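Visitor: Here it is, the structure in full.
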Amino acid sequence: MTTQYAKALTGTGAPMIAPSILSADFARLADEAAAVAGSDWLHVDVMDNHFVPNLTLGVPVVQSLIKATDIPLDCHLMIDDPDRWAPPYAELGARNVTFHVEAAADPRQTARAIKSAGALAGLALKPDTSLADHLDLLTEFDTLLVMTVEPGFGGQAFIDAMVDKIAAARRAVDSGHLRLLVEVDGGVNAETIERAAAAGADCFVAGSAVYGADDPADAVRRLRESARRAAVTV
Ligand SMILES: O=C(CO)[C@H](O)[C@H](O)COP(=O)(O)O
Ligand SMILES: [Co+2]
């Protein structure tokens with residue numbers, strides 16, 4: 001299902017695809033961004049080795065990557081203390097800055113700081129985190145990232161039980177007339193994207209399914225087409 005909000009962001013109403021550079025060659029990030037030309041967003045997984053047991057990159061790399069690509073950056077912050085560390089990614093020019101509710105002391109205020117700095121604000125939920133407990137926050141955010149793997153690593157299997165959470169998010173957005181994109185992250189591939197799209201997601205992050213393909217740009221087109229076919233058109 002493609003919402004009017006998703007349509008406004010993409011201009012086309014097509015499902016959004018955000019390749020994750022977690023699965024790219026970190027020594028060639030500019031080339032790896034160019035390899036997925038035509039993507040809606042480039043997903044950047046920031047991990048601090050505290051909130052998750054893995055360490056990736058931070059502000060300096062994002063600052064360079066923004067200059068190296070025209071694709072808007074979708075920063076997924078898997079870090080402690082996002083209240084302090086998330087707004088700088090918006091100040092750098094990231095299009096969407098998503099942080100985890102489990103790590104935030106004041107998610108409303110942090111969303112406002114991100115938006116004041118000119119980015120969209122995203123709220124991420126780990127697989128075991130209840131959506132129902134956080135519905136009251138959704139009006140503050142532009143995107144909701146439903147994690148379909150435990151955050152920390154690429155290449156994991158899509159957790160099928162999260163399809164119900166995606167569908168619940170879709171219902172919450174539609175019934176509340178919320179201006180919120182439903183984004184899915186983890187284990188998204190040519191097969192699982194159909195279930196996520198049928199459940200109502202607007203935007204799909206894919207790391208290994210894109211960068212593990214012989215032709216990453218073609219993989220993006222195929223994923224978008226699979227999502228489009230599976231989605232319920234409104
Ligand atoms: O946030 C993430 C992991 O914490 C990544 O965005 C995600 O796992 C993408 O990789 P893949 O598509 O290979 O699962
Ligand atoms: Co991610």
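All residue numbers here begin at 1 and follow the chain in the order shown.
Heads up, the Cβ atoms here are built off N, Cα and C, so glycines get one too.
Quantities reported herein were computed from a predicted structural model and do not represent experimental measurements.
Quick paste from TrEMBL:
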BINDING   S20, H76, G152, F153, G154, G155, D185, G186, G187, G207, S208  substrate binding site
BINDING   H43, D45, H76, D185  divalent metal cation binding site
ACT_SITE  D45  active site, proton acceptor
ACT_SITE  D185  active site, proton donor
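For the listed features, I'd like the structural context: burial, neighbours, distances.
Guide: A sphere of 10 angstroms centred on the C-beta of G152 (substrate binding site) encloses 18 other C-beta atoms.
Annotation note: D185 (substrate binding site) sits in a strand segment as assigned by DSSP. Note on D185 (substrate binding site): other Cβ atoms within 10 Å of its Cβ, all shown chains, come to 26.
Neighbour list (D45 (divalent metal cation binding site), Cβ cut-off 8 Å, at least 6 residues apart, same chain): S20, I21, L22, T56, H76, M78, G154, G207.
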Visitor: Distance between G152 (substrate binding site) and H43 (divalent metal cation binding site) at the Cα atoms, whole Å?
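Guide: Cα to Cα, G152 (substrate binding site) and H43 (divalent metal cation binding site) are separated by 14 Å.
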Visitor: If the criterion is a C-beta within less than 6 angstroms of any ligand 2 atom, which of the binding-site residues D45, H76, G152, D185, G187, S208 pass it? List them in sequence order.
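Guide: Going through D45, H76, G152, D185, G187, S208 in sequence order, those close to ligand 2 turn out to be D45, H76, D185.
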Visitor: By the count of other Cβ atoms within 10 Å, pick out the sparsest of the binding-site residues S20, S208.
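Guide: The binding-site residues S20, S208 were compared, and S208 has the fewest Cβ atoms within 10 Å.
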Visitor: Using a 10 Å cut-off, grab the number of neighbouring Cβ atoms around the Cβ of G187 (substrate binding site), all chains included.
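Guide: For G187 (substrate binding site), the 10 Å Cβ neighbour count is 25.
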Visitor: Between the Cα atoms of H43 (divalent metal cation binding site) and S208 (substrate binding site), what distance do you get, rounded to the nearest Å?
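Guide: A Cα-Cα distance of 12 Å.
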Visitor: On the three-state reduction of DSSP, what should I expect for G154 (substrate binding site)?
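Guide: Assignment for G154 (substrate binding site) reads coil.
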